[in-house]
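TrEMBL lists 233, 328, 362 with the feature active site, charge relay system. The domain 'BAAT/Acyl-CoA thioester hydrolase C-terminal' annotation in TrEMBL covers 205-413.
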């Protein structure tokens, strides 16, 4: 390792997972071409890595906020490119990080790109990306039927309360909930099945479970009078149903979901309220990589025989934030969003905002994690293409994450002052 070359992360090498860092190198020769690499291992042991070549300026410095990558995992000026462009060393793997105690560790290193010392490491630094903010309390919940984890920020409150639905596929997902709590929300993330003493699989969904979760959340210390729901994919149609049938949902964030109840029948108070919209297997496209493209595989929810599956969102008293990726290959999220906007407008409603992301894929998550091209799908039983172009997807995640927080804060404000969320 070269003694004079320095690789620095600013403002600090230890930061929150969703926080950008400035990557800088100094001590190089003027015009020196080097490769900067990033490498990380997720909790399943899958290695993710990226690399990009840069040329030092006259002072022997490289600044990723200013300088373009010449080649590698991406090209051009991309300050956080080394993080979002990381790819798994194995096909069809999604970055897994659910253990919040340990940070997401990324090793950055600088390597000589010139002939006499090609590949030699010149400097390295470790970036610790935290998922649990300082003072945030994490409490496992096993009360009544509810199985999940409650995250409470430090301070007296009251804080806006959010129910995080990341339920399909089984088990419990904590990353988004813990990061939201680190931004000043009380967040309950719940499992629907496949966690703790819950059944391993389900054949129907009961809205009563989520009603119980909202009642539990409202009873917590530091919680204001309003509750919001954040959801993605299948759980997004559950969130629509909660907003439409339950009285206490003030805000619903819908990310890349469907306009209809999908896959499983939905019950409330032991009565069937929505049958499921199903998939047309003949429209699933198998690609060369072994992953499937299901963008147009769901039956049309607007067809007469499927209209009973549509969620009656015009009944909702609260507000919606619809967020859809144009290049979602899991299903046609943009079309579903347009259907919902048209339905609300037809009923004289303006209780919604909608955002569309060109070039983004299905899995929109808190920013600066590795982009996922394809991974195993619990329902399909095989790998699925999620869609998206890495750079556009990364940009969408940054915008989405900020917009969600502003929307939730605005419409769950504990002082009851209604204002429109702006970005």
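The backbone N, Cα and C atoms fix where each Cβ goes, glycine too.
Cβ neighbour count for residue 233 (active site, charge relay system): 26 (other Cβ atoms within 10 Å of its Cβ, all protein chains included). The number of other CB atoms found within 10 A of the CB of residue 362 (active site, charge relay system), across every protein chain shown, is 25.
In the predicted model, residues of the domain 'BAAT/Acyl-CoA thioester hydrolase C-terminal' (205-413) average a pLDDT of 95.
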